[in-house]
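S.K.: Dropping a structure here in structure tokens format, bear with me for questions.
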Amino acid sequence: MLYGSKFQQNKANKQKIKINRLLKCELRTQLNLKKQLRLSSDIQVEKKYKIDGLQNDEIQEYNFQKAIDIFCFNFKQEESNQRHENSEYYNNQGKFKPIFQKANTLVEKNQYKEALQFYDLAIQRNPKNSLYYFKKAFALMELDEFEQAIKYYDLAIEIHPEIPEYYNKKSQTLMLMDRCRESLKFLDLCISKNPQNSNYYYDKASALVDLRRFEEALQYQDLAIQINSEISDYYNYKATILTHMNRLGDALKNCDLAIQKNSEKSLYFLTKADVLYKMNRFEEALQYFDQAICKSSENPEYYNSKAITLMKMDRLEEALKFFDLAIFKNPEEPLYFNNKAELLKKMGRFEEALKYCNLAIQRNPEDSYYINKQGEVLSKMSRFEEALQLYDKAIKNNSEMPEYYYNKAITLMEMNRVEEAINFFDFAIQKNPEESVYFGNKAQALSKINRNEEALEYCDLAIQINPEISSNYCQKASTLMQMNRQEEALLNCDMAIQRNPEIFEYYNNKAIALIQMNRFEQALKSLDLAIYYNPQNSQLYTNKSETLHLMNRFEEALQQNDIAILKTSDNSDNFYNRSETLQKMNRFEEALQYCDLAIQQNPEISDNYFQKASILLKMNRLEEALDYCNMTIQRNPELSQAYNQKALILVELQRFQEALSYYDLAIQINPEASEYFHNKAYALQEMNLYKEALLYYELAINKNPNNPDHDIGKAITLDMMNRYSEALEYCDSAIQKNPEESGYFFCKARTLENMNRYEEALEYYDLAIQKNPEKSEYYIGKAITLMEMNRVEEAINFFDFAIQKNPEESVYFGNKAQALSKINRNEEALEYCDLAIQINPEISSNYCQKASTLMQMNRQEEALLNCDMAIQRNPEIFEYYNNKAIALIQMNRFEQALKSLDLAIYYNPQNSQLYTNKCKYHYFFIAETLHLMNRFEEALQQNDIAILKTSDNSDNFYNRCRNNSHNFQAETLQKMNRFEEALQYCDLAIQQNPEISDNYFQKASILLKMNRLEEALDYCNMTIQRNPELSQAYNQKVELQRFQEALSYYDLAIQINPEASEYFHNKAYALQEMNLYKEALLYYELAINKNPNNPDHDIGKAITLDMMNRYSEALEYCDSAIQKNPEESGYFFCKGRYYNMKLCSKNSRKYEQI
């Protein structure tokens, strides 16, 4: 964390004062000490920053610690020289009086308040003695009464303005008051009065350093050396100035010169160690720290500085020992307790860190810096409210410190109180508008609430203020990534790396950008570089694990996760990450175990409960998931994601109203999170509130127009509303924003399929598969479209691909069964139905599909059982009752069929949008059933209801449904011999949908019954024109005795679908009508081979054999038909006829009675 110059100076000044109190030296020693402290102040600032923020090497470092080295200065020779210089003055003063001597003795004992009383007595006795005022000013300075000290220095100067030392001491006091510019004036007076005194140049250099005017400081330090090149302190301080100027090589040379001139001074070894530290030559730095300790083993600062260096080297346990030694040497210095607290915080030992923060505050309860540090530790412990209170206290004690506002802003960010955080970043910027890091962090906050354009502006301001701070480029890259401007993000990652190639985070961020671009191999290389620069950071291994997962290299991903845990086994985050990886591998039970370990290690971290809730949700253990959501909210009531997740679970539980209220809470906490609006839209969509859903999808898009998921969500809703053209527009928008997301192509394919634009739909399914060939649902989608196009064999292949990708999905087996059933491969279809049921016996649709297949095989009793099993598992699906009714109708159990249809209508009486519009067929089916029961008037009434239900809807499916009603009305009227009315309804059906071939076919049938044959022929041709594969149309032409033409059309039908047994049956019938019995027998046999379960084929062959007088064979095929469907009366009638032909009248009468 960066600290501004005001804070640096305040901390340095306090250290100087403390050191002065500890030193028991004479006046001149004190003066030189203050000068040396001034030269050391920036070293102190640097070290302080290192303790606070060791992870950001590029930010200019400051050190608050080294001032105590001054203890070892030996200024006796210099003091002697100074006294000799002012000998005339001292002679004039004469011998100190006993009162004055008593005051000096008390000063030596640090009893400054008592000393002041005696100085006052001395001044009272001799108010013209300037030295008395001078010494009193010194005592006042030691008591931090700087204004009073200045007053007495002025009195001393007024009495003896020719003594330069008075001006020098006043300048020192002004520097302690941060009035460095004023101090320069008095130093200039010192120099003018005695230009040969090297110390004045030395002192001026110190003041210029305080003002960050390093070039000028260097010039004055060189003048000091030029006047007296034998004073080793001058070379040491020159090294300090050069260090500030980042001229580390020159600094090192001056360190060596200082040591060469006086190898006994421990301070010089400390200064050299500091330079080596800055050069990242840590091992050498440690050697010089050791030499400093060897020369002055009682100086606590040397242990403190060595500890900081060990901390930088991640030798944390060793660092801890040296902080303990520093504390042992000086248990009253709060800074050492504070530094140990920082180390313990870094080690994750937060409770101990808090203890040492308290010890630091105990020693200096009003120091805002230590209060701020305690706030940092509490923030790390997620005790955010307490941390905020401490930051407020620190700000109250020192409202000019920008860092305190900055720290408070960071904590508010952790609490997701982003708007408040932005306000405190603004305060920090206001206090120090030259600190680029504050702008960068404000950019991060703005980015978090999707104010990305503003965030970019602050990134640019940060870079403008300091173009060498690499972290600002990193933040800009993160913002650009959020805006899906990955190419620009990569450029900024590279610029960050270029400025500081050893910061592992930059490679990590670059890897994230590459992952977003699906450039996984490059991302892995970037992560490897991150690991190279920080092999101990477990998060990097976690990130590598996630990348490998995205590449479907799951085992390798798990290995990297193991390394992460091995690196920091006591960190709950690693168990959290491990559970996340296992969750993605669908190893949910193991994932739960690692969640429990994470919770066990840190039961107050809300994220661990949140993660466990997510896993339980995926396991469909919804009630447990709900419990863990509540625990998450209990620990962090400001975590909007928890409310969002709870709402997701409630949606799964069909508790939609509650879900909506929790989405509202999530939005209330974080109104800028677009995904919450998206999720609420989905819940509304599930409630069939499509208009409201569209509104919330639009809000999500407005919040984050760069997120294509919002566009695709809106597209799906529009698709459900049959607004297909608009749906396509939003699909295209999503694809344009992220052309690499396969799911968007899949959604567009489905919409095109709904629009009957099958060829285009297939193209988009292919694109989806091309982008992600592992998604099984893409193959299913393509297979279903191929089914719609009657390309059944191809569809079966794609069902197989889907099953291969996901053999645990029972629905895929059910879908394949449906396809097989469509081409009369019913035995195989049954096998796949059974496999589907075996995989998941609770999926009701699998039983429904099995029932349909069994009906097609004329195994109606078994079909009924499976219909009942489907209803038992999901009694509210109206189609199941409808299917059961069809089976009952086939068995001529019409009354039961009507009851089943009534139940279907009960569950969907008003064409609700819960399911498709097929429900309108129910009234038609009831009418059909009544028709079969010869209850024609009732049939017409039910059919009128069907027409009424769909009369106000222009949708194609409803048109088809309404068309069927008109068509059936015509058929019923036809059965009642009300042919003219029947023709009117046929015309209405044709008018409603002129492309439906059945309408023309029905009209042809009625015209045929009315003996209007030419018109009937015209309508047959219209039928074939609209549906050239409709076998009934060709059969109808047979009625017109145009047999040769009929045969050619049957051949066309067989060519189109060689698996349809009825085409062979119908051709056999035509040949039979042409008296080509042998050929007819051949085609009946082919029909039987294609579908041996259809008894109509057997009875057809029996009739032909009868016509050929092959009665015994005819009887065998009659028996076969009766065996397959003993409920069909016509089969018994045929058998009775054949017995009659064989003069078996007794048996003939028996069968006719049956």
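Glycine too: its Cβ is placed from the backbone N, Cα and C atoms.
Take a look at what TrEMBL says about it:
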type   : residues  : note
REPEAT : 96-129    : repeat 'TPR'
REPEAT : 130-163   : repeat 'TPR'
REPEAT : 300-333   : repeat 'TPR'
REPEAT : 334-367   : repeat 'TPR'
REPEAT : 368-401   : repeat 'TPR'
REPEAT : 402-435   : repeat 'TPR'
REPEAT : 504-537   : repeat 'TPR'
REPEAT : 640-673   : repeat 'TPR'
REPEAT : 742-775   : repeat 'TPR'
REPEAT : 776-809   : repeat 'TPR'
REPEAT : 878-911   : repeat 'TPR'
REPEAT : 1061-1094 : repeat 'TPR'
S.K.: Work out, from DSSP, the number of helix, strand and coil residues along the repeat 'TPR' (776-809).
M.R.: 27 helix, 0 strand, 7 coil
S.K.: For the repeat 'TPR' (878-911), what are the DSSP-based totals of helix, strand and coil residues?
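M.R.: Its residues divide into 27 helix, 0 strand, 7 coil.
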S.K.: If you run through the repeat 'TPR' (504-537) with DSSP, how many residues end up as helix, strand and coil?
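M.R.: Counts, helix then strand then coil: 27 helix, 0 strand, 7 coil.
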S.K.: What is the pLDDT of the repeat 'TPR' (130-163) when averaged and given as a whole number?
M.R.: 92
